[in-house]
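Marked as S-adenosyl-L-methionine binding site by Swiss-Prot on the basis of sequence analysis: GLU80, GLU105, ASP132, ASP155. The annotation active site is assigned in Swiss-Prot to ASP155 on the grounds of similarity to another entry. What Swiss-Prot records for LYS159, ASP191, THR228, LYS229, PHE230, GLU231 is substrate binding site.
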Amino acid sequence: MTEQKITFADQKRKTVEIAEFTEDGRYKRKVRSFVLRTGRLSEFQRNMMNNNWATLGLEYQTTAFDFTQIYGNTNPVILEIGFGMGKSLVEMALQNPDKNYLGIEVHTPGVGACIAYAVEKQVKNLRVICHDATEILQDCIADNSLAGLQLFFPDPWHKTKHHKRRIVQPHFVEKIQQKLVPNGFVHMATDWENYAEYMLEVLTSAVGLRNTSATNDYIPRPDFRPLTKFEQRGHKLGHGVWDLFFIKNIT
């Protein structure tokens, strides 16, 4: 006997809870599965998400994630917010099997593409979430639990009246600091100079973060950060790219 209860976790997906019972009718457990709405997702992406969400996906919850249980080890965890289509995130996870990666993306086709690429490359040290990043940071990430935070090419909201919509704000950086372990890093990159200047201002103003730049501003693109499609696009348009790398001080 099974009973389905459908609840919408957000506007782009729905969660189906299936109650399982023993042969004599006693309640056994509930199994949560990830079911997608049709839309811009390709059939391939939809199938990859539905078939692999149990091993690669995480759901928002109101308590902190147990990373040791999730990944099966105590390796350092690096969080990336807004991974786009996920190619560079998967490549970083593939190149660093001694680290665990957690990616947040609200664009469902990007999540589907990331999962598909992770399955293709047989990546085991990666989990993804399709949810609002601020809620994940607030509710799901314990303080002093992240080895690093990556934010590559976020929406610049280049109009002045929209600057308040930028994810990089003083309160956001303060929250990141709480989640980082001592010597944990914040790595940001953008191809908008004005946003780079704003990122630098906010990060520099944060008490407890140290800029690793020799010139006290930006660093050259490190070899460990793969070129993203946004960066390649920026190069074609003649845009510069600015990397910022800060470390949380030991107190």
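Cβ atoms here come from the backbone N, Cα and C positions, even for glycine.
Sequence features, as recorded in Swiss-Prot, placed on the structure.
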residue	record	Cβ within 10 Å
GLU80	S-adenosyl-L-methionine binding site	25
GLU105	S-adenosyl-L-methionine binding site	24
ASP132	S-adenosyl-L-methionine binding site	13
ASP155	S-adenosyl-L-methionine binding site	13
LYS159	substrate binding site	8
ASP191	substrate binding site	20
THR228	substrate binding site	21
LYS229	substrate binding site	12
GLU231	substrate binding site	20
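Spacing of ASP155 (S-adenosyl-L-methionine binding site) relative to ASP191 (substrate binding site) is 10 Å (Cα to Cα, whole number).
Rounded to a whole value, the Cα-Cα separation of ASP191 (substrate binding site) and GLU80 (S-adenosyl-L-methionine binding site) is 17 Å. Cβ proximity to the S-adenosyl-L-methionine site centre (mean Cβ of GLU80, GLU105, ASP132, ASP155, cutoff 8 Å) flags the following additional same-chain residues: ILE81, GLY82, PHE83, ILE104, VAL106, HIS107, ALA133, PRO154, ILE167. Recorded residues LYS159 (substrate binding site) and GLU105 (S-adenosyl-L-methionine binding site) have their alpha carbons 23 Å apart, per Cα-Cα distance.
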